[in-house]
Amino acid sequence: MQLLAGLNAAQRAAVTSPASVLQVLAPPGSGKTKTLTSRVAYLLSHHGHNPQNVICCTFTIKAAREMRERLRGLVGDQLESKLVLGTIHSICRRYLVAYGHLIRIPKGFGIADTSDSNSIIKRICKRMNLSIEPKVARARISSHKAKGKALEDLPKSPPKQLKDQEFVTVFHEYEAALATSKLLDYDDLLLRCVDLLRAYPACVSNVEALLIDEFQDTNIVQFELMKLLASRNRKITVVGDPDQSIYGFRAAEIENLNRMKAFYPETVVINLEENYRSTSAVLKLAQDVIEQDESRPQKRMKATHCHGTRPVLRRLPNPNEEALWIASEIKRTMGMTGGLLLQSDFAILLRSAYLSLLIERALTTAGIPYRMVGGQRFFDRVEIRVIIDYLRTISHPDNNQAFLAIINTPARKIGETSIAEMVKLSEENKISLWTVAQQVLVGELKPAKKLSKPAEQELGRLLNLIKTGRQKMDTASPPATVPSKLIDFIVKSLDYESFLQKKYKDDHEDRVENVKELVTHASEVLLQPAAEEPLASIEGVEQQVSNGGREVLAQFLANIVLSTDVENEEGNDKPRVTISTIHSAKGLEWPVVFIPAIYEGSIPHSRAENTDEERRLLYVAMTRAQALLTMTFPVLQSRDQGESILTQFLPSELHHGTCRAGPLFDDRVINDIASILKRSVPSQEDLAKSVQTLDGEDSREDDVWPCDGSRRPTPMLAADSHALPEFGRPLGEVLAAQKQQYRPYSTMAAPNRVVGSSSHEVATTISRTGSFSTSNMSLGFTTAGYQLKNVSERAPASSEPPPPLKKPKLTKSASAQGNIAGFFSKPATQAPRPSLEATPAPAVREIYHQRQQDHELKQAKQTWQSPESYSFGSGIPQELSSHKLNAGNGIRYRPPAPLRDASASSSSSTKRYAGLYSSSPPRADDEERSPHIRLTGDENQGVARTQDSKLSLPSPQGGLKAVPRLDSGATKPAMTMHKTSMASVSAGFSFSSVVGSNPGVGRKTLGVRRTMNGWNDRRHK
């Protein structure tokens, strides 16, 4: 059969299954929509079901339209139009319109959208002076109804807590307000349909087959509806994926899949396994994440694409630089792929919407256009909403929310006080505002403050406009033209274009165009669902027949209220990066996906009650990616919240499936992307032109930010270009170098970099050979090749190779170097500081030590002078004399304090410069070890250095006192962690042996008597 063509074995088994109750478990990208539509077509063509007796429920209106289009191609227009197909809410509405009178639902009822519900509850709280938050009350009411409980199911005894008492009050008043306006909210559509089918099951006695999409997102009420709709023939097909159940906050029940198998023991389960969306590398990592939930059904996905590039797990210093890196990586990816990828191929998926602020700012700064998914709907625009409210009032005058929205729009000289009096009369007399307005005009009701004559005249014109509109609605021919004709009538009666021009002077033309677009929608797109065939007639059950024009308008408005589609922004033809929450991205896909902020507290969210659902949320986000997936993790959180902890869903054992940096876009990677997306491979000329679009500050290889999450290194300025020739550079070159981004990994190891697919991995050590030059080096660092060249030039002529570089030895501190902070434990929430030896990029560190060591040895051979008396000559530019090193960047060492000569004159008028180092001198070998320097005594006293291993210190009587060199282990460089230990005491070192008996230079006690017994001993005294 033609409808089975193109299906794989599992899909074909699901479509042709003879099972009466069938569960199809469809993971992401497995073709579930194709399978479901083929199943419907197979039931119609092979089993001969009447399309009016087949119900197909989808999760969104968009999905319903997609299914109709596919079915139209499979079974033709005539059969497709007779299907009962739509969202569960729209199908329930159709049954309530036809049979609602049987349970006393008023004819022509309206639907209260979220805005209506919030307005009603807000007005109740204000009128009754309640402290409960309106949004909280609305959420509790919706949750209560989603569990199948009505107002009558509340406990009879009054609650004890005030918040619960107020909730009961709001619930009662809210239901009364809906009844007065003859409205049903979203949850009522489902609840009242359940009531209808329980009381009159014959209404669905004709149903031969029921099919439900996204079954994992159904709640308890929807599960009950499934049982009632299929109560006669018990023929059900559901499609879902328990791994994608992420709507628990909407009372969705993942357990419905198990409840279904328990209620229908004959249930057959078929797994779709082949994935047509993502690469094998992406699927492997996503599978490893979701399989941490041992309670899930054991099922796996099989990739139909190549292995592809491994996902990237990128560490960044903080959220701000995380956002900057994402923007930079988007530009790099586009620039290195030769036009293969557009900006619309990129998506940034967020756990929480508030995370978008920094990302939006970074994209804007980088000049990258973007769009927000889940933004404003077209029908929520102010100028459109006014027209919709007029249509709602014409269709259903008792709708108080719609009437309140138009009563003074445009302005009719009806003040807020007069409107408040009318609302009060409506609530006191339990009648609609429409009825109040009519009775006020004829004098049957009298507000406390009488309306002014102009206000009465304007109110009368408004009522006449509504009545005329209702007449046009009833007499329009054909009925399908009612929405467009009424919009035209409203626009002309209000002189709406002039109103928009006066109120919105800057953009009134665009708003007028939006109104014209609404007319187009009314006459074309949104009328298609209104052409649905009526429900099949059931013998013995009377259907309620509505006027043609009224029903067309009611369906038109219902589709608007139930629509979740976001508007198409102006200029949407221009490619834009998508920013979306993960929930809004469900069911969508992009070639390149970024998932930022994957740390504890973000995902899983700090307020999440269900960790498994948070894991499924990350799984859904990961499986949106077709070719490239990148997850980012800021080491430090925003708002001074301390260090971040990587999400528990990516434990260390899964990191082998990730890369620490973005991919290198060689031919293999580009060919893989083109193959996955079924696009042409860009030519070498296109690639060359594309790379040229990257400016000097753009990265080519993701080498700007270190992979360990540390900050981007900034160029260090030399204090003396003569003393440090490798570090120094004229000011002009320094300023020019600062204009370029520093790339620390461009000539160093970038671990876990991937070239092509996983089977061809290369960990590069030098990525740009033959390009070493001091003219393109950033200050403060050099390459391994350049350093070896310098070392060989400085080494004496000998046949013996130079000795290997040695790291400075880390020795224990003497007791005199103790730190009071060592007595206190670190807070439990603070992550331990990584050891210096564990810091990445050892090559740079060793090179730096060697160069610093060479410089210190050179200085030790010279006669020491006071910094004030030492002249650097012209070696340091005048512009750099006030430069201060930034201790927050670069290598983290504590510089030694400058030494001051007592004989130097502090009032010298000659400008002097002090040579400062960014780290303490490293320890050399014993035969070449630099003298140790320690400052003692008053800070104004001088300290001189001898050329041997002794240190000259000021004696109490003046002059200098020679002190023997301290033993090994008595001192240690400033870079180490200074702690006082019992081992240092047992070594026999005495601080007084160095400073003498002068009490003025002893160690400060910070108000605590010195003892080495520690805090535990003190507590026993």
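Each residue, glycine too, has its Cβ placed from N, Cα and C.
Using a 10 Å radius centred on the Cβ of ALA26 (ATP binding site) and all shown protein chains, the other Cβ atoms total 26. Among the features that TrEMBL reports, ATP binding site is placed at ALA26, PRO27, PRO28, GLY29, SER30, GLY31, LYS32, THR33.
Taken from TrEMBL, the feature compositional bias 'Polar residues' covers 860-872 (among others).
Sequence annotations record features per position, and here TrEMBL assigns compositional bias 'Basic and acidic residues' to 923-937.
As annotated by TrEMBL, compositional bias 'Polar residues' applies to 943-955 (among others).
Feature annotation from TrEMBL assigns domain 'UvrD-like helicase ATP-binding' to 5-279.
The annotation domain 'UvrD-like helicase C-terminal' is assigned in TrEMBL to 280-587.
According to TrEMBL, the region 'Disordered' annotation covers 792-814 (among others).
Feature annotation from TrEMBL assigns region 'Disordered' to 851-972 (among others).
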Cβ within 8 Å of the mean position of the Cβ atoms of ALA26, PRO27, PRO28, GLY29, SER30, GLY31, LYS32, THR33: remaining residues of the chain near ATP: THR35, ASP241, LEU272, ASN275, TYR276, ARG277
Collapsed DSSP category at PRO27 (ATP binding site): coil
Greatest C-beta neighbour count within 10 angstroms, which of the binding-site residues SER30, THR33: SER30
Per-region confidence, the domain 'UvrD-like helicase C-terminal' (280-587) (mean pLDDT, whole number): 87
Reduced DSSP assignment, THR33 (ATP binding site): helix
